[in-house]
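Quick look at what Swiss-Prot lists:
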{"type": "COMPBIAS", "residues": "71-80", "note": "compositional bias 'Basic and acidic residues'"}
{"type": "CARBOHYD", "residues": "N20", "note": "N-linked glycosylation site"}
{"type": "LIPID", "residues": "C50", "note": "S-palmitoyl cysteine"}
{"type": "MOD_RES", "residues": "S64", "note": "phosphoserine"}
{"type": "MOD_RES", "residues": "S82", "note": "phosphoserine"}
{"type": "REGION", "residues": "60-82", "note": "region 'Disordered'"}
{"type": "SITE", "residues": "W41", "note": "site 'Seems to be involved in pH gating'"}
{"type": "TOPO_DOM", "residues": "1-22", "note": "topological domain 'Virion surface'"}
{"type": "TRANSMEM", "residues": "23-43", "note": "transmembrane segment"}
Amino acid sequence: MSLLTEVETPIKSGWECRCNDSSDLLVAIASITGILHLILWIFDRLFFKCAYRRFRHGLKRGPSTGGIPESMREEYRQEQQSDVNVDNGHFVNIELE
């Protein structure tokens, strides 16, 4: 006999899954969990950029300005801008010995 005759070819009924050891409820729950996991993973990949950018930038908003007079708001904006402009065009040289 050759090796090719020893290989079994699956027939249509051979591909069916028969889980006699476990209950049907457990198999159904596992199947539903797997399908939900796949659906959530696909949505995560599709909307990754949109959702995570919105989440990341939403957390980086400035402090609340409710109840603060406009003059103080303007002063705060000027301080923030001056902090940004302090080092324009200046570089720090660090020499290692």
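Cβ coordinates come from backbone N, Cα and C, glycine included.
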Would you mind splitting the compositional bias 'Basic and acidic residues' (71-80) into helix, strand and coil residue counts from DSSP?
10 helix, 0 strand, 0 coil
Kindly state the mean pLDDT of the topological domain 'Virion surface' (1-22) in the predicted structure.
54
